[in-house]
Amino acid sequence: MDADICRVCRSEGTPEKPLYHPCVCTGSIKFIHQECSRVFYVNAHLKAELINKCLFYTVYSPDMPSRLPIQDIFAGLVTSIGTAIRYWFHYTLVAFAWLGVVPLTACRIYKCLFTGSVSSLLTLPLDILSTENLLADCLQGCFVVTCTLCAFISLVWLREQIVHGGAPQWLEQNQQQPLNGVGQQNEAQAVANGAVENAVLDQPANPAADDAVVGENPEIQEEQVDEEEEDNEDEEDAVVEDAADANNGAQDDMNWNALEWDRAAEELTWEREHVFWVVSLNTLFILVFAFCPYHIGHFSIVGLGFEEYVQASHFEGLITTIVGYVLLAVTLIVCHGLAALVKFQRSRRLLGVCYIVVKVSLLVVVEIGVFPLICGWWLDICSLEMFDATLKDRELSFQSAPGTTMFLHWLVGMVYVFYFASFILLLREVLRPGVLWFLRNLNDPDFNPVQEMIHLPIYRHLRRFILSVIVFGSIVLLMLWLPIRIIKYLLPNFLPYNVMLYSDAAVSELSLELLLLQVVLPALLEQGHTRQWLKGLVRAWTVTAGYLLDLHSYLLGDQEENENNANQQPNNHHARNNNAIPVVGEGLHAAHQAILQQGGPVGFQPYRRPLKFPLRIFLLIVFMCITLLIASLICLTLPVFAGRWLMSFWTGTAKIHELYTAACGLYVCWLTIRAVTVLVAWMPQGRRVIFQKVKEWSLMIMKTLIVAILLAGVVPLLLGLLFELVIVAPLRVPLDQTPLFCPWQDWALGVLHAKIIAAITLMGPQWWLKTVIEQVYANGIRNIDLHFIICKLAAPVISVLLLSLCVPYIIASGVVPLLGVTAEMQNLVQRRIYPFLLMVVVLMGILSFQVRQFKRLYEHIKNDKYLVGQRLVNYERKSGKQGTSTTPPQSSQE
């Protein structure tokens, strides 16, 4: 039999160094020496495992008293308080510096610079130390500091984009670069792609033969690849020779880099000694990126006489700054041309980099700010008749709150752009690769909008912007303005939608809003399968349109040809053909798609071109417009009509916000469609299977209804009523008035509180309620366990809530009157007993926490002064319980 050995040193036990088995481990890792257990203290994880799973008894000094003296406890308490005060002072100083000094200084410097007077500059030190409007200036200063830090980080990131992605051709011409520079290779590739793209776009595509397959020609592409490779080799040799000749005479220009901005980023830390550095950075950025552009734009606007128009826009500062940036970009371009003319290479490159920064900044403002704002305003203008509004109403709302109005329209426009882009991505999943060649693919790994902003000229960005405005605006006209006109003509009494709030409604608007946000929308988003359904509808429409117009091959591709191409791919070396550029006769879409996906997967599939192909494409576009119009009519009428009809049974003739009727109708339509799809899926399985499925689903629905009544009905109602009694009623209702409780509103508030409590519970530590909720979520609706939910979740929670409601009421209404108090005292007790008992529970929790903290402090003081060490204790299994084989008792573990 093998001897027992230590799990650490692999040695046997001796009388001087006996082996212990302090934990439940068995086998070869069961034993360990007392000295070898110190190895676990090197690693924090192993130390925690050792302390939590191994048995010790603590050895104290023989002179330790049974109780610690008062002076030792007082000294330890003073030491702990001193340590806490020291840390508090340190973090308070840091917080004061970063949340007080830095924002306040930034705000005061910003105001001083934009005041425009010499006296403000002279009194700047006194203004910084002023105590007026401290809170408002600190909040404004936090915004200024955030903007400057974001600008600094954006500059560093843009520098990385220029370095790794390569600079534009006009910036690098006549400028020698190192031979192994990544940016030059990327730039050459980007320039080649752009040149080929422009050449292909300028040449017309030759029409293919009737009923011919439009695809790739491997032989022609292989020849082109060979020729291009030879040309590229010659060009690379020429570049190497030129660079070698220029190395001796242009070392200074090559070593100088105008883009070393990341050195300052390495110095940015969050300690208090860097406050002066950040204040200086804020001042520099405010001066360079706000003060100078603003005054350039201001002088230009005043000189041109447009000052009144700019002031009437309510955004004088923003518009003036943008105008200043535009003029600054024009000035940088002119100076860059002059520097190139006189061959000042450093100045030329620096001016070019500054122009790229200004250009990218303006393009970001246009893409993220201006374009969604235009879309939002166009959506609002096209939907005015739907809400019985006029342009005069929008003008009044803009004059009353210009910032809020612009933000809401921008937000609506962003949502519209986001969902439009999501729909385009869904179309790419259905249609044949190459159909949407004229739209940028956001899922393309080679797509980099910042690189496009850097390399493409302004006129191309302007052309894209105009085309995007036309496309998005036309979609709005087709799917919003035109359907509204048709609805007003066919159903004169259906519009406008009611979007006014009424306080005299039978059901509270707040309750309906909470019901919408907490019940309807989560169910639609989680269980709606909206994307799958929409994808199926798009596929069905595409198949129908393809067969009606004989465009199935163009829209979806030919499966047989795809399979043949997949089988022939290893033999025809398609990986090499991916880099080849298709000939002009293959079509504009094929060339564009191949250019965008060079070196990647095949992005264009061949298709059969039918007779009168342009006419069929035109009919396809007309059919698509008619389909979008009909779909928009259905979405604008059916959910609202169903919701109004259902709400009439609930609220009668009271007017309800149209958002709730639309949500209710949409929910009912979703349930109906879901039920129909399930029945259609069951029909091929036979009558017996259908009856069995109906029985199973009926039982599951009954269980779900019971659980919903308990967890979504009773628990939120009790929770909302308890919150009303503890918080709302004592704060809002005086003692001389009787509080009125609305069960429906209490239930709606309870739903919100229950969701918050459930979320906090799931994010918190492990305890019985979190374990039960996780188990219920894991089971789901299909495997719902009614007995487990009632016994483990519903019954305990409802019991606690009922006790919380009943015990204070019994004390106030049953016990207090027996004491013979006055009626006023009884009323006071009845109205204030719930918050009083809550305060008592909170105080008891705080007291219990302080007692535990004091016990820990007591043990810490005792261990610091009298602790000698810890000895391992053997773990013994006795009747399923752990015990020790040594006589010394086990004490607290550290």
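Counting begins at 1 with the first residue displayed.
Any Cβ shown, glycine's included, is placed from N, Cα and C.
These features come from TrEMBL:
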DOMAIN    1-36  domain 'RING-CH-type'
TRANSMEM  96-122  transmembrane segment
REGION    208-238  region 'Disordered'
COMPBIAS  219-238  compositional bias 'Acidic residues'
TRANSMEM  275-297  transmembrane segment
TRANSMEM  317-341  transmembrane segment
TRANSMEM  353-379  transmembrane segment
TRANSMEM  407-427  transmembrane segment
TRANSMEM  465-486  transmembrane segment
TRANSMEM  506-525  transmembrane segment
TRANSMEM  617-639  transmembrane segment
TRANSMEM  659-683  transmembrane segment
TRANSMEM  704-727  transmembrane segment
TRANSMEM  789-812  transmembrane segment
TRANSMEM  832-851  transmembrane segment
Is the transmembrane segment (275-297) close to the transmembrane segment (832-851), in the sense of at least 3 CB pairs under 8 angstroms with a sequence gap of 6 or more? no
Same chain only, please: residues at least 6 beyond the ends of the transmembrane segment (704-727) with a C-beta under 8 Å from a C-beta of the stretch. Say none if there are none. 519, 739, 741, 743, 745-751, 753-754, 757, 781, 784, 786, 789-790, 793-794, 797-798, 801-802, 804-805, 834-835, 838
How about long-range neighbours of the transmembrane segment (275-297): same chain, 6 or more residues beyond its ends, C-beta under 8 Å? 97-98, 101-102, 105-106, 109-110, 113-114, 144-145, 148, 151-152, 264, 267-268, 317, 319-328
By DSSP assignment, list the helix, strand and coil residue numbers for the domain 'RING-CH-type' (1-36), in that order. 4 helix, 6 strand, 26 coil
